[in-house]
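Data block below; observations after.
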Amino acid sequence: MAMLPPPGPQSFVHFTKQSLALIEQRISEEKAKEHKDEKKDDEEEGPKPSSDLEAGKQLPFIYGDIPPGMVSEPLEDLDPYYADKKTFIVLNKGKAIFRFNATPALYMLSPFSPLRRISIKILVHSLFSMLIMCTILTNCIFMTLSNPPEWTKNVEYTFTGIYTFESLIKILARGFCVGEFTFLRDPWNWLDFVVIVFAYLTEFVNLGNVSALRTFRVLRALKTISVIPGLKTIVGALIQSVKKLSDVMILTVFCLSVFALIGLQLFMGNLKHKCFRKELEENETLESIMNTAESEEELKKYFYYLEGSKDALLCGFSTDSGQCPEGYICVKAGRNPDYGYTSFDTFSWAFLALFRLMTQDYWENLYQQTLRAAGKTYMIFFVVVIFLGSFYLINLILAVVAMAYEEQNQANIEEAKQKELEFQQMLDRLKKEQEEAEAIAAAAAEFTSIGRSRIMGLSESSSETSRLSSKSAKERRNRRKKKKQKMSSGEEKGDDEKLSKSGSEESIRKKSFHLGVEGHHRTREKRLSTPNQSPLSIRGSLFSARRSSRTSLFSFKGRGRDLGSETEFADDEHSIFGDNESRRGSLFVPHRPRERRSSNISQASRSPPVLPVNGKMHSAVDCNGVVSLVDGPSALMLPNGQLLPEVIIDKATSDDSGTTNQMRKKRLSSSYFLSEDMLNDPHLRQRAMSRASILTNTVEELEESRQKCPPWWYRFAHTFLIWNCSPYWIKFKKLIYFIVMDPFVDLAITICIVLNTLFMAMEHHPMTEEFKNVLAVGNLIFTGIFAAEMVLKLIAMDPYEYFQVGWNIFDSLIVTLSLIELFLADVEGLSVLRSFRLLRVFKLAKSWPTLNMLIKIIGNSVGALGNLTLVLAIIVFIFAVVGMQLFGKSYKECVCKINVDCKLPRWHMNDFFHSFLIVFRVLCGEWIETMWDCMEVAGQTMCLIVYMMVMVIGNLVVLNLFLALLLSSFSSDNLTAIEEDTDANNLQIAVARIKRGINYVKQTLREFILKSFSKKPKGSKDTKRTADPNNKKENYISNRTLAEMSKDHNFLKEKDRISGYGSSLDKSFMDENDYQSFIHNPSLTVTVPIAPGESDLEIMNTEELSSDSDSDYSKEKRNRSSSSECSTVDNPLPGEEEAEAEPVNADEPEACFTDGCVRRFPCCQVNVDSGKGKVWWTIRKTCYRIVEHSWFESFIVLMILLSSGALAFEDIYIEKKKTIKIILEYADKIFTYIFILEMLLKWVAYGYKTYFTNAWCWLDFLIVDVSLVTLVANTLGYSDLGPIKSLRTLRALRPLRALSRFEGMRVVVNALIGAIPSIMNVLLVCLIFWLIFSIMGVNLFAGKFYECVNTTDGSRFPTSQVANRSECFALMNVSGNVRWKNLKVNFDNVGLGYLSLLQVATFKGWMDIMYAAVDSVNVNEQPKYEYSLYMYIYFVIFIIFGSFFTLNLFIGVIIDNFNQQKKKLGGQDIFMTEEQKKYYNAMKKLGSKKPQKPIPRPGNKFQGCIFDLVTNQAFDITIMVLICLNMVTMMVEKEGQTEYMDYVLHWINMVFIILFTGECVLKLISLRHYYFTVGWNIFDFVVVILSIVGMFLAEMIEKYFVSPTLFRVIRLARIGRILRLIKGAKGIRTLLFALMMSLPALFNIGLLLFLVMFIYAIFGMSNFAYVKKEAGINDMFNFETFGNSMICLFQITTSAGWDGLLAPILNSAPPDCDPKKVHPGSSVEGDCGNPSVGIFYFVSYIIISFLVVVNMYIAVILENFSVATEESTEPLSEDDFEMFYEVWEKFDPDATQFIEFCKLSDFAAALDPPLLIAKPNKVQLIAMDLPMVSGDRIHCLDILFAFTKRVLGEGGEMDSLRSQMEERFMSANPSKVSYEPITTTLKRKQEEVSATIIQRAYRRYRLRQHVKNISSIYIKDGDRDDDLPNKEDTVFDNVNENSSPEKTDVTASTISPPSYDSVTKPDQEKYETDKTEKEDKEKDESRK
């Protein structure tokens, strides 16, 4: 790492001409160097700029203060990277770094010219940016004016002037564009430049449409981003996530195009079908009207309109489409609905319709229109689009954004780690300089009794030399003295807040002299280690605390924010507000005194007992007097007054931990044992002191920087805010304290809060006077109680302490507001103040962890979302202004197009507020309706562009970022372990006390009764036993002095707590004594059992809790195995578990009754070995065998399905179909008997015990009971009784029995049941959250939604005619068609308020509610148009908090819960390292494949040629291109095209048909009968046949079937095959892969959803079949038949249009409905609904389907997406294995799975990378040591395995995986078993080499013999002879050398042998033999 220059003021050097000359010299030296070693340069990476010294960042703290003369002056660059670049830096007062280019600006201003220097000074001054900021904001305000007055023109010029001035200054200071750091090199400056250029252009050049150009001024608002520092990063993140979205976008557009094509083919022109009047005037015919009608207006009078609708009623020609009323016929005429914008007539409109479907905006309307015009069967199209398009693609976008966010987070964490290391090195260097001095000084201070004053003097003398200090030491000294004199007496007051405070006053200014030697070093170390540990728990990595930290450790600002945001919501002293940021950002990370710091103390690691002498903490105090410990935690005292050793857990995982420890040891040895004389020598001591004071002052500096407030504040606080006047007062205070702090008081207050909330919730609209008075008195009482609580707490704790606790501040605010409200209660318009009382509800969070967590998550997200919200606000603002500037005028001018009365509609863009509302509505996902209006008044293109931009930028990206943040705050570990506080547990203590009291009473009673019966008390032993754990208090009480405990009231609480939890605690904490002390805050030990799933401590999690979780797991296992009693289609558990789960004797039933029963009633016990008992036992065994038989189960499943199916027939037409009715009645009886029989059989077989301990059996039991009761009632003739009727509807639950029978569904249900607790929790929290809005709504709108309407057309009377209720009643008496009516969904009471809020939150039916609210005037007054316009704000706030946050919380909770469940079930991934995962996944893929037999090449030459052509990749791609072209021609088609176009398209179509037929024929010729072995080929064949038939019989087919062209669209799916060939399409492949992976899970969820829909459809049919047809219920969409109910329910699954279906059901009495109406053909009377049933029905369905099932869908997709992305980044993917087998097929045409050794080299060279081994590859292949079977053949698996290993590298897990894989493969291909390997490639090579060596040796031997025997004449001949073999050998040796011997060796030695151990030797041996052979060979050569 390039070290930074030595920190401190010396590092600042003025930038002078010499500096410039030096830089130039360096540059020339560099260039000279570069010429010398050009080659080297490529290899090495150059230095990188330091990220802490980037322009725009704060100067790192380590540099200290800037010397006064150097502020705003050019200085030499501090970053070594720029040493040879022409740059200099300037620092402003705020220590921000500005970097400039040192070349002359604009070629004339050098860095030393006065003009440039002045420009630089202006530019870096903070006021300059403030001025620009203010200008921008003022400018924004002016832009929002819709009709600006004349004088604003001049203001405009001023703005332009200021912006020009700003740019001029920047250009003068920086230069224009040549070189780094000049004006145009910063992209943000481009924005300024463009804005200014446009300003001048529009002013001086006449460009026609000025308003469009003027909208460019809006971009000025974007400048805020460049001025505010945090925003740039967020925008960066946004841009990143948009980049990541590119793949999803491509996929989305592709899918939408395909769907749009299908829509175009199916529904072209259908939406023009309208109901046309039959009776025409004499001379009129249909044709004549069509031809003569010039405009839509003329046709209108002939069409049929439903009341209140703009468009004519649609109809269709098929039987299941919408029919026309009497007197009308269905005709295709006029334009499409919604101004003609909703249609499938051309590809573009179809695409828009599908985009709308995907975003689910008002899609129910499109759905209803299409089904009405085309027929109900087309529901299938919508199901596919909604599930694939909408759910899948939209959630993929979410997944991608979340991952981008997560990656960014990871990157930040990495960067932080890096910083930490650099920082460590830097500090080490500082330490070395100051270490000895420090040690000596500290020792001197401790061991001598020199007067304070001398020390002070010394430190003063040294402060001049201090490099870092800049504050006067005198100030500090004086303050220190004063502080010391003020040591207060009444400190140690038991309360833990007092404990933390006690350290504050005295040691605030204690110098580091008071720290022990080690203590002093520790301040340093603490600084390093604390940031690493999460402030809330030890859980997770070292850096978990920095999870959200964005900035570096060095920078002063910013870091604190992140830490603060992660801490406890309520007790966070370092709140996120105010200017304390710079204080909190310092290098110290404060220890939070009021939090459980699990991470500081343990007894695991000990360090020598060196501690601050006085045992006080070094601490700093902020404005509220909050103490932040700077040094370690408080010293712990032993009873004898000694100090306990302080212990630090170094739970470090990074590399610095080791060094820290060594340093600590080294330092201790050197510094602690100082020589005596050194201490006694005053001179030495003085020197030590002066050097040490340097550091001292640094520490002081830090503390000052961390102080929130000026010193006088502390003096004031200690004088006035701590009340210790007289001893009596103190006694009184203690008494009050004892009372107020008692848990029972807390319980009482909590009960009061709940009651108060109830009282507030009881307000409703028509209230009696008495009720009002009761509520008023109640309010007074509660206000009194809370005020009293506050006063008493103030007395008990002193204001100083009282306001340290977040909750207390909160309480005091609410009490104050309540009191103010009491006095202002009668003032008109202040009733809103009452809603402040509602905040009391939040006090519940104190004792309700989930609510607390929710608030924390919202707090956290708001912290992190602060910047994001700003960006969102800027985006909304920009678009609102753009809309207003572009379309405002058009709305005014063309308003008659969209409104008959020519008044502006509610949604328009004529002024800023309304424009803002439209943009906000688009962000909520409702864009299509306002867009139609916009397109109608302002033209299509501009509106489409603007709306799409808002939609994509705003809705998709920002809202998803919102979600990503929510999810990340969920997954961050510190929230899963809910932070328990002392207060939070007070309730539990109280409850425990009550329980104990009850138990005690029970016990005494029992003993008393037993005594009175004079029996020996049985229970005494038990009680002793249970009381026992409480005697082990040592477990729970960590080291605190007994003295302290007796003082501490909290201890008393502990006692209660501990004994209260008794045995449960005992279980979980029995063997954790060692950890006990650091689970909790050292000064307070509260033990709360932690659930194994959510424990804070990983250490505990691993071993201690394993026993616990095991028991959980086995329970789970038991449950699972027991589910077979009610279903034998059961999941076999993996491996060993299966054996465990089976009963001892599989075919014998268990005992009938539980042991308890048998003990009570001995008669239950039967002897089964003889007599009746034996017969009974035989019967039971027989029953058991029957029930356990698989056929029995299948039969029952069939019966369940049949009986459920039977329910679907009972619709309103059943009365007309008599035979079906009779059949159903009999069937019903039969089913009931069968199910009763099944139940009895199971009772006999399993016994009651087993049957009734199984939840699924209970379900069966209850459902059978219902059938039984209805059966009995029917036979007795009571079938028409009300209760019996409602019981009959419960039969709808029958399908639930299918749940336990289908594995897939059961898995989903189990997962859901697991999630229910957390879902309920979140639901409750949401209800509390919404309660506040609901009560507020009741206060604002109760009784104000009434209006006086004209019942004939439903219009409202204007206020001029009817002003209030009494006038309306007067009118009613005059005419019959007037009515004073209320909105059905209103805020008249809290319950209805909830319903209204649900409609607002799901954005369905919210418009009516909002309009009523905005128009409301007063109770009993007629509403007035937009009278209370700003009531919109109430809804906006609710949507943000109530809808976005809480509904997204559901997603968060479900996903989080699934992950936790996965952990509990022990998903393999949790226990695998990254390496193992890689191998595991590769194996998973390998095992599933096997070589296939390729289609053999035909022998015929001609066929062979065609075969080669057809199997070529190019052929495939060509066909693909043709398919795409065919699609394009299909896109060109449109409704009503010319005949010529028809003709052209017809011939193009013919060409395509001929081409595809040609392809088909070619393939048939070459592939022969093998053609039909491939699925796609069959599909193509069918399409071709249909197309040919279709050419001749087009009319007929289209009339009766779907048009055959549709099948061609499906062929697009073939694109999936081509994606494999395109390397760039990896991202899209990943997405599709994720979809494939999710399909099984999604299918299960779909099944479950279908089941839910089925049950609800049956319920709906029996309850709402006869309701009045209005709003959403009409002739097609209703609950009359099963099909119609399903159509309605599918629509509500996405929560679309449920308000319309609910509205008619809310009609409960005339005049809304007619209770006496007769329905012909049925006995039912009336068409009124049942409001309560209706509301329950729809709300429960929405919660189940919309919130739960749909969110499970999301969870699955997110999960699989992350898995798929992981897989795509792995070195070997599925495709590589596919490729391997494709190549294999060529080498092994008969699919023998073996290949000859001789072919291996070619095979390896034929593969694609990464498996490819290019030639020459012989040696590498030999070294792989592959097993061979007879005939020198090698198995494909062995080859693949070896190649895989080569790619992945060696891993220890290989062997086990290998065997797993083989097992898998064997089961897939039994053929392999017969071949046992005989040898291996390596062994074969060794044998060959050995053979040659033996041969050679033998030859030599023969040769020698020869030489001896024969005379020298023959020697030449012999030589020539001998050369032959030698030549061969040398050739082989050469080969060996050329192919890099190292490589061979490495592979040989690193690759482990395969699993055929019998054949091969172990590695080591093999390697050695290799070596010896080589040596032999070399010896041979040398011999020769």
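Note that Cβ sites are derived from N, Cα and C of the backbone, with glycine treated the same way.
Topology check against Swiss-Prot: Pro149 and Lys1669 fall in the same compartment relative to the membrane. For the annotation N-linked glycosylation site, the record in Swiss-Prot points to Asn1373 among the listed residues Asn724, Asn1373, Asn1760, Asn1909. Between the listed residues Asn867, Asn1039, Asn1364, Swiss-Prot assigns N-linked glycosylation site to Asn1364, with no corresponding entry for the rest in that record. Between Asn283, Asn580, Asn600, Asn974, the residue that has N-linked glycosylation site written against it in Swiss-Prot is Asn283. Per Swiss-Prot, the residue from the list Asn101, Asn209 bearing the note N-linked glycosylation site is Asn209.
Here Swiss-Prot annotates a disulfide bond for Cys896; of Cys902, Cys924, the partner residue is Cys902. According to Swiss-Prot, the listed position annotated as N-linked glycosylation site out of Asn532, Asn1350 is Asn1350. Across the topological domain 'Extracellular' (364-376), DSSP assigns 12 helix, 0 strand, 1 coil. Under 8 Å from some Cβ of the topological domain 'Extracellular' (762-770) lie the Cβ atoms of residues 1335, 1338-1339, 1342-1343, 1388-1390, 1419, all in the same chain and six or more residues away from its ends.
For the topological domain 'Extracellular' (364-376), the list of distant contacts is 266-267, 270-271, 273, 314-316, 318-322, 337, 342, 344, 353, 356-357, 382, 1676-1677, 1683, 1687, 1691, 1696-1697, 1700: same-chain residues at least six beyond its ends, Cβ to Cβ under 8 Å.
Proximity of distant same-chain residues to the topological domain 'Extracellular' (1404-1429), defined by a Cβ-Cβ separation under 8 Å and at least 6 residues beyond the stretch ends, is recorded for 765, 906, 913, 1340-1348, 1356-1357, 1359, 1362-1368, 1383, 1385-1386, 1396, 1435, 1695-1700, 1702-1703. Distant neighbours of the topological domain 'Extracellular' (888-914): 144-146, 211, 880-881, 921, 929-930, 933-934, 936-939, 1411, 1414, 1426, 1429; these residues of the same chain sit at least 6 beyond its ends, with a Cβ under 8 Å from one of its Cβ atoms. Broken down by DSSP into helix, strand and coil, the topological domain 'Cytoplasmic' (1626-1638) contains 13 helix, 0 strand, 0 coil. Per-residue pLDDT, averaged along the topological domain 'Extracellular' (1404-1429), amounts to 93 for this model. Break the topological domain 'Extracellular' (1341-1392) down by DSSP state and the numbers are 14 helix, 12 strand, 26 coil.
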